[in-house]
Amino acid sequence: MKLKHTKSLARRLLPALLLAVSVTAAAALPPLYVDPQSTAAIWARNNPSDGRVTDIRNRIANQPGARWFGDWSGGIGAAVGNFVGAAAANGRTPVLVAYNIPARDCGQFSAGGAGSLQAYRDWIRAFAAAIGNRQAIVVLEPDALPQLDCLDAAGKSARLELFRYAVAQFTALAPGAYLYLDIGNSAWLAPTVAAARLVDAGVAGARGFSLNVSNYRTDAESNPYGVAVANALRQRGLQKNFVVDTSRNGNGPNGTQWCDPAGRKLGVTPRMNAAGSAPEMALWIKSPGESDGCAAAAGTFSPELAYKMIYGF
């Protein structure tokens, strides 16, 4: 993929995108919700005498972040409903990640997911219904669209159908949700390929797409790439914006190492950008300090990882 050319093209087209996007600004939402039950917050409460606790509490636990839901969440309606309800009671906007697609992560560190296509349909419908008319930000199935290539033809078709079904459920049952279909990171798919997959997955009915979830690509890489994908969608008649996961991209990637690489750093704190901005939000979708699966089991909070990420070592 010719990333240099892609970035150059994106910068030239940026003004056109900003003029074209006319949907309601994300900044019109209530402020983002700080989850008191995040793994970082729980660790901080349970380890008050640890010498790292003040930094981890202030720099990570007290920042708005996403909560992930999957096959570990139990009854999904109650799990989502309780989380969204707590945010609404505090006048805040929660960020949720739906991560339960069958054959998740191509059988790698985060393998799992719903046991059948119908099980996923039931699960995602209950997920959307639990949000109801309340406001929320939802990231749909990180990496599942870029990872279509690990599936056979029937598997690809089934996954795209599940995405379209999910979009339809959020449209019907959670009209206040800002739904973003995940499309990987700036080093994965060419912008035109990413746009084509988003279209096939039903992005026409969603708010937009998400980038860099659990990855390390800098804003200087991710933002122009997102603009290029948005412009490829615009050429197909769709005006869509995007969000970027900035939780761990402060120092960029460490070569090709993706699993708990050393020397990574927190990126910009979560924020909603001004109307017409691209991206429209910087979010902490991956929870800083949670392992990718090498330093500890995937999703396990590591205070050592968290502390090093605060200072970039």
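Placed from the backbone N, Cα and C atoms, the Cβ positions cover glycine too.
Keep in mind that what you see is a predicted model, and the values were worked out from it rather than measured.
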Same-site substrate binder from W123, W188, given that TrEMBL records W68, N215, W258, K286, E290: W188
Rounded Cα-Cα span from D105 (active site) to D143 (active site, proton donor), Å: 7
Entries of W68, D105, W188 which, being recorded positions, have CA atoms within 10 angstroms of D292 (active site, proton acceptor): none
Nonlocal residues around W188 (substrate binding site), in sequence order (Cβ under 8 Å, 6 or more apart): P146, A194
Long-range Cβ environment of N215 (substrate binding site), under 8 Å and at least 6 residues apart: G184, N185, D245, R248, N249, P253, W258
CB within-chain contacts under 8 A for E290 (substrate binding site), separation at least 6: T39, G299, T300, F301, S302, L305
